[in-house]
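I am attaching a structure below and will ask some questions about it afterwards.
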Amino acid sequence: MDNGAKTVSWSDLPRKDQLFSITLTRLSEPLVQTSLQSYLYYMLKWFDPTLPGSVIASQAGILHASFTGAQFLTAMIWGQLADSPRFGRKTVLMIGLGGTMISSLGFGFSTTFWQALIFRCIGGITNGNVGVLRTMISETVQEKKYQSRAFLLLPMTFNIGSIIGPVLGGILSDPAGSYPELFGHIMFFQRFPYATPNILSAFFLFCAILNVWLTLEETLDDRRDRFDSGLALGRKVKTWFSRKHSEAVYTQLPTEDTTLPLVENDGTLTPASSSSQSTVIVDGPTKPKRGRRKYTQRLPFRRIFTPNVCFTFLASLLLGFHLGTFNSLWFIFLSTPVYDPSKGAESPHALPRNPPFIFTGGLGLRPREVGLAMAILGVMGITLQLAVYPWLSARLGTVRSWRIFLMFFPFTYFIVPFLSLVPSRSPPPAAKDGITVWVAIVAVLTFHVIGRTFALPAQTILVNNCTPHPSVLGAVHGIGQSVSSLARTIGPVTGGFFYGLGLARGVVGAVFWFLGGIAICGFVASLFVHEGDGHEIWLEGDEEEE
């Protein structure tokens, strides 16, 4: 392992301004996606109060999968558009954020399941941002020694969203029912009880669009030298806020240049005092100098699928399948009513209750409690990502750490359903409560978060580095997002169906144990993956980057 990787810190990362802008761009979307998870079960119940829990579980799986399913159909297209000089990375990002903003508003004002489904699909069709953001990180931070931290930014940002989003969703959903003394008489909240968190989400997305337009630089080679009106306006806004009236731009000087530049000092130009002076002020929008391109030809699409690319995508498919399914089932399981012995199982065809494997029921938590449980997952994840992942990844290596922590998932999925058997302070049908219940929730989440924290960034790095040629980097990330979206579409739909079936038949844990089997298959697939260098295939005209 490169010794340099062991000493890299967050402060060593290059282009921190652009990485910060990318991070803010990514933050808006998990805020939206995780916010609705805290109240989705109750929103579906509000659509039709007569629906049993098994049907609601299936509908929740469909809504969860509709976004990723639509992404699967279009992510590859967005990846190719992001690679094209006509669109580029930045334009595709703004389209994705705008579509998600419209989707969020429409979802919040939906009054039927079908309306909600349509707006979720609109959000997915227009959004291929994850793959584009990964591509931009790769083009901004090209040295491998920085990748363990740079590629950690997106999953870390997702965990931040997982902390804030569910809490906001739980607090802001159904204000008339949650805070009747304050909002119970307001007709708007009675008619649209779940609009408030989505209006806030739309505001976050609008801010993200402004952030991309004003601060984010284009990283596609063919568009780097074009005038960017958003960046120009962003510089003017920054100058105005900093109370500076000069539009001068600073340009790095070559270190080997022995000519002392002129620098501005109190309105006059004077020579630099030493060779350590590294900047010069020039009038007008001077462009920073860039090295020569590494390639002049584009790799044909059919040649993208090398054996390593195929096995990497297969491992990504299986990881996305069980992670997406668990994420959709977890909040439904937390919201599912506790098994009540006085009423028995939901269906007369249920098997007789016979633990440790034949049992049913959930934890019955309310939206605010579901939001808290989701936030716990995010807090633990970001703590591990900041404090442990870069250090451990540098010592174990990307592939080795990825394989080790993939094995945390089968154990997690095996023990999850047993939370419904943990003794509660309040008897059924009251929701599970008490210190024992929350200790058990935290213990289960700990195993899951450890696996996710180490597996997801490594998976992203491996997808990035399996790219056979730099000219198809955006396309590979687009395909990778399509593969992940396909898995996160099939998983929640089938998982929701089988969860509802297990709930009705008295074996609520069956679907989780099935996910454990999928996670084991994912580990087996990882054994055939190796870490590439992003340039496995060389074409005529390719050259080393200066």
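Using the three backbone atoms N, Cα and C, a Cβ is placed for every residue, glycine included.
According to TrEMBL, the feature compositional bias 'Polar residues' maps to 270-280. Summarising the annotation, TrEMBL assigns domain 'Major facilitator superfamily (MFS) profile' to 1-534. Among the features that TrEMBL reports, region 'Disordered' is placed at 270-292. The transmembrane segment annotation in TrEMBL covers 56-79, 91-111, 149-172, 192-216, 309-333, 370-392, 404-423, 435-455, 507-529.
Please go over these features one by one and say how buried each is and what sits next to it.
Same-chain residues lying 6+ beyond the ends of the transmembrane segment (56-79) with a Cβ under 8 Å from its Cβ atoms: 33, 40-41, 44-45, 92, 95-96, 103, 113, 116-117, 120-129, 131-132, 135, 324, 327-329, 332, 336, 474-479, 481-482, 484-486, 488-497, 499-500, 503.
If one looks beyond the transmembrane segment (91-111) by at least 6 residues along the same chain, the residues whose Cβ comes under 8 Å of a Cβ in the stretch are 25, 28-29, 32, 36, 47, 67, 78, 81-82, 118-120, 122-129, 132-133, 192, 194-199, 201-202, 205-206, 208-209, 212-213, 216.
Taking Cβ pairs closer than 8 Å, the transmembrane segment (309-333) reaches residues 37-38, 40-41, 56-57, 60-61, 64-65, 68, 362-363, 370, 373-374, 406, 409, 412-413, 416-417, 419-420, 448, 452, 455-456, 459, 462-463, 466-468, 476, 479-480, 483-492, 494-496, 499, 508, 511-512, 515, 518-519, 521-522, 525-526, 528-529 in its own chain, all 6 or more past its ends.
Long-range neighbours of the transmembrane segment (404-423) within the same chain, counting only residues 6 or more positions beyond its ends whose Cβ lies under 8 Å from a Cβ of the stretch, are 319, 322-323, 326, 330, 333, 338-339, 355-356, 359-363, 396, 432, 434, 436-437, 440-441, 444, 447-448, 450-451, 453-455, 458, 508-509, 512-513, 515-517, 519-520, 522-523, 526.
Below 8 angstroms of C-beta separation, residues 308, 311-312, 314-315, 318-319, 321-322, 325-326, 329, 333, 336, 351, 357-362, 399, 402-403, 406-407, 409-411, 413-414, 416-418, 420, 462, 466, 495, 498-499 of the same chain, each at least six residues beyond the ends of the transmembrane segment (507-529), sit close to that stretch.
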In the predicted model, what is the mean pLDDT computed over the domain 'Major facilitator superfamily (MFS) profile' (1-534)?
80
Looking only at residues six or more beyond either end of the transmembrane segment (370-392), which have a C-beta under 8 A from one in the stretch?
8, 34, 37-39, 41, 148-149, 152, 155-156, 159-171, 330-331, 334-335, 401, 441-442, 445-446, 448-450, 452-454, 457
